[in-house]
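Chemist: Attaching a single structure in structure tokens format; questions to follow.
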Amino acid sequence: MAVTTETRAILLLCFYGFFKEMRPSEPFLTPYLKGPDKNLTEEQVDNQIYPVWTYSYLACLLLVFLVTDFLRYKPVIIFEGLAYIGTWVLLLWGQGVLAMQFMQFVYGVATATEIAYYSYIYVIVSHERYQKVTSYTRSVVLVGRCAAGVVGQAVVSGFKEAGYFPLNYLSLASVTVALCISIFLPSARKSMFFHRYSRQQDDNDSPPSPTSANENAASEETIPDNTPDNTISEPTPSQLQASDFSEVATEVNTSGSGKDNIIIHTLRNLWTDFKLCYGSRHLVLWSLWWSLATCGSFQVGNYIQNLWDIISPAASGEVWNGAIEAAATLLGAGVSFSIGFIHVNWIVVGEMTLGILSALDAVLLVVMAITNQIWVNYVCYIIFRMCYQFLITIATFQIAEKLTRERYALVFGCNTFVALLLQTILTAILVDKKGLDASVRTQFIVYGVYFGVIATIFLIGSAVSLRRLGWQAVRTRWRHVDNDNE
């Protein structure tokens, strides 16, 4: 039985996602950098090396967002694999603070290019398969991270500090396999913004005819269009919602230089879509939490190993970083999966849920900052990750439900950019050696206060919204999953 190009692309992308995430050395990065292989100090790792990733990620994200769409995904996915290989080459053979800072810069580039992995799938499959392929691509990422934690823990438990260096060889081998897989991904003929038509000929802005498209498609292996040009189908709900501006979003000016006009019109359409998307209070609410909480989650993830190493130094005891990361990944996936079985009206209870769980996160982070019991810290970290995964899954669904795929990609990029901008400010002020140069315990107290502020904002907003709605309306509507825009 012949495998279609679309099915082959999904399989290859899933294998790529698994191997690029199967990096067993990552949960043990701080012990490795502070151990005999690199012999760096706590201050160098915490305040000089790790902040570089934040700056690099922010600097690259906006450019990568546009370049990914312009180049139609596959080249950027290949570049992601190369960036991960560069990261582990530097980790294995680089020495000194400057080399490790450059390693974090390259790692930031690799992280920024992940947007290509998550976007590619939406231009190669038909609309009715979106939900399934999204679950496939995100599930293999979680499986890869979990496998990395298990493998890393097994090696470190068996070989102690001597296991850190070979773990980096395993990570290098895994990302190399991912790069090899990415080369065989089929090329995408369309993209979400710059290439909404299949292919352009000789800088001509007008959409190509079916004949010319077929002639171009014969020159190299491409993903076929999912909707034939001569087929008329019923519009989807998201298309109906966007109908007021659909002509503006796809119109192409035929005067002047073709490529220049495509770029200008794409940027104008992006700006128009941006104003439309963030005109909804409901979307702004969830996007605000997304950006604020993602900023805090990035900071916690970036510096948690430093906190663990202070509470229980790797040189003096058993290190369970890999097992804890694997457990956090599995349980986070479990609570994300459970969202599908919770039927409530998130417009009514959403703000209150965000506020309550953000307050819980604040308490957990303060406990993590002050406790000297490593297992208390581990448990708090796992619960923190579960809360974040629970809420980010709801936020993703609430935002995606109201938007076309193009506008969802735009909102995802904008929300992530705001999160990174906030993280950069927080890092520069609190963590960086040129800023306050705070200790890691002080950092986590600040992160706890930060989530406390988030909780306060959303609890106050919830109280105002519920009061305006009225108690009787709350009682009758909170179970009704109508989720209409306010």
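Heads up, the Cβ atoms here are built off N, Cα and C, so glycines get one too.
Feature list, courtesy of TrEMBL:
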{"type": "COMPBIAS", "residues": "211-244", "note": "compositional bias 'Polar residues'"}
{"type": "REGION", "residues": "199-244", "note": "region 'Disordered'"}
{"type": "TRANSMEM", "residues": "48-68", "note": "transmembrane segment"}
{"type": "TRANSMEM", "residues": "75-93", "note": "transmembrane segment"}
{"type": "TRANSMEM", "residues": "105-124", "note": "transmembrane segment"}
{"type": "TRANSMEM", "residues": "168-188", "note": "transmembrane segment"}
{"type": "TRANSMEM", "residues": "283-304", "note": "transmembrane segment"}
{"type": "TRANSMEM", "residues": "324-346", "note": "transmembrane segment"}
{"type": "TRANSMEM", "residues": "353-370", "note": "transmembrane segment"}
{"type": "TRANSMEM", "residues": "376-397", "note": "transmembrane segment"}
{"type": "TRANSMEM", "residues": "409-431", "note": "transmembrane segment"}
{"type": "TRANSMEM", "residues": "443-466", "note": "transmembrane segment"}
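Map these features onto the structure and tell me what's around them.
Modeler: Outside the transmembrane segment (75-93) by six or more residues, the chain places 16, 20, 23, 25, 32, 64, 67-68, 99-100, 102-103, 106-107, 109-110, 113-117, 120, 165, 168-169, 171-172, 175-176, 178-179, 182-183, 185 with a CB less than 8 A from a CB of the stretch.
Long-range contacts of the transmembrane segment (168-188) within the same chain, counting only residues at least 6 positions beyond its ends with a Cβ under 8 Å from a Cβ of the stretch, are 5, 8-9, 12-13, 15-16, 19-20, 22-26, 32, 72-74, 77-78, 80-82, 84-85, 87-89, 91-92, 120, 123-124, 148, 151, 155, 220-223.
Sequence-distant neighbours of the transmembrane segment (376-397) (same chain, 6+ residues past either end, Cβ-Cβ under 8 Å): 286-287, 289-290, 293-294, 297, 300, 304, 307-308, 311, 320, 324, 327-329, 331-333, 335-336, 338-339, 346, 350, 353-354, 357, 360-361, 364-365, 367-368.
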Chemist: Taking pairs 6 or more apart in sequence, does the count of Cβ pairs under 8 Å between the transmembrane segment (353-370) and the transmembrane segment (443-466) hit 3 or more?
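Modeler: Yes, the transmembrane segment (353-370) and the transmembrane segment (443-466) are in contact.
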Chemist: Same-chain Cβ contacts of the transmembrane segment (48-68) under 8 Å, 6 or more residues past its ends?
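Modeler: Distant Cβ neighbours of the transmembrane segment (48-68) are 33, 40, 76, 97, 100-101, 104-109, 111-113, 115-116, 119, 298, 302-303, 306, 413, 416-417, 420-421, 423-424, 427-428, 431-433.
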